[in-house]
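What follows is a short report on a single structure.
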């Protein structure tokens, strides 16, 4: 699996397809910290959401790297579809981790915050970035070329889902009480944001943990669904 | 003799179009098997099913030895690969599990055998069709596959590379591998192929049709329910007439269909041989 990840990353680098998502990421992070000082928790919540969108974009572009016949050859050499697709998703995840490190360290190094980042806030914010990156990747996998032939459906479907997930709180508020449960199916990209906004940052015990756990459960379910559909 | 792959009543359809019908086949160790047929007859599909790259619509593909090493050369090896032949083969080899030491020794040898050593500073997407196909062959053979599947392997290959491929096939067979291949408009494999199967209308046969035009039978039948006939895969086309049915059946399967009609107490009016002008050929 390690070799397959190396192959995917090397191929992605040579394809130059990384340029649009990565450059967009740097621009967005730069814009986010145009003015100083910034509130720590809120700023990290925003960059985590940026990571969510960029990870999904990266995922869809990495999964479109191998043409269908090349994919078949790789699956045969990797001895299994699951191993092939998990390697691809892990490759995207590794890129997302690098971006997370950047978005975490950049405001600290360049003094974008008024206060120092405590260990508790740092840990929670970093975890939030990683969880949202994972969610973005698993959401995008369902719209990738592995399952969708048309790039219009692929990118269009993903864009719509991302917008819906970012607007989930608004949708929840606008729906009548009887239909509010429908929002459970929308990717929980903003649930942790709400939890973070209501957190003082002093004590980990005051933080509502469920939205974080729900992202993990949701991502695992999407991953299982993707691997099952990719096998058909 | 060790059994490598077993196909049990395989059928494959794409978008409701039947490509393969009720195919059963056993592939044993140390054989060279050819599957021949016209364009669009389902040759590549059957190879992909055997390689495990596609799933049949119905039936089973069984691998008695789950760890069998399968090498697959597609009909059109992807040309947009952003690595040099060595880089690509090195990645493929390590993904397969071949040690780096063995790869360092084998890759230059294979590149030399297929006259690619001088092109190794070029990326595959810069190579000609024939040279790309050579990389496609090497990626499949360098792991010494127990089952090597070649889909039209000589398409675009120069004469020297064709001879090299023949040599590789012979070497692999001597080591106990089975080679399964398709080809057309070529006779270079005739001397090494031991068993040949032909695909017509999605059916696999060991008999070569002398003339496809003679291969259809028209059965005129009465007192038979058309809903039952619709489930018979051997019937290529059915027409309703005044008080009966006209069934177009591949000549090889006419006996099977006739016995089914009799078992259902249908009345056979006549059986005639008709020209198959390709109207019911599947693409």
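Keep in mind that glycine also has a Cβ here, set from the backbone N, Cα and C atoms.
Unlike curated entries, TrEMBL annotations are predicted automatically.
According to TrEMBL, the feature transmembrane segment maps to A:18-35, A:41-65, A:85-109, A:121-143, A:155-175, A:207-227.
Of the ranges A:18-35, A:41-65, A:121-143, A:155-175, the one with the most Cβ pairs under 8 Å to the transmembrane segment (A:207-227) is A:121-143. By the Cβ criterion (under 8 Å, sequence separation of 6 or more), the transmembrane segment (A:121-143) is not in contact with the transmembrane segment (A:18-35), since fewer than 3 such pairs are found. Of the Cβ pairs linking the transmembrane segment (A:18-35) with the transmembrane segment (A:155-175) and spaced 6 or more residues apart, fewer than 3 are under 8 Å, so the two regions do not touch. Residues 49, 52-53, 56, 60, 136, 139-140, 143, 148, 182-183, 186-191, 194 of the same chain sit 6 or more residues outside the transmembrane segment (A:155-175) yet have a Cβ under 8 Å from a Cβ within it.
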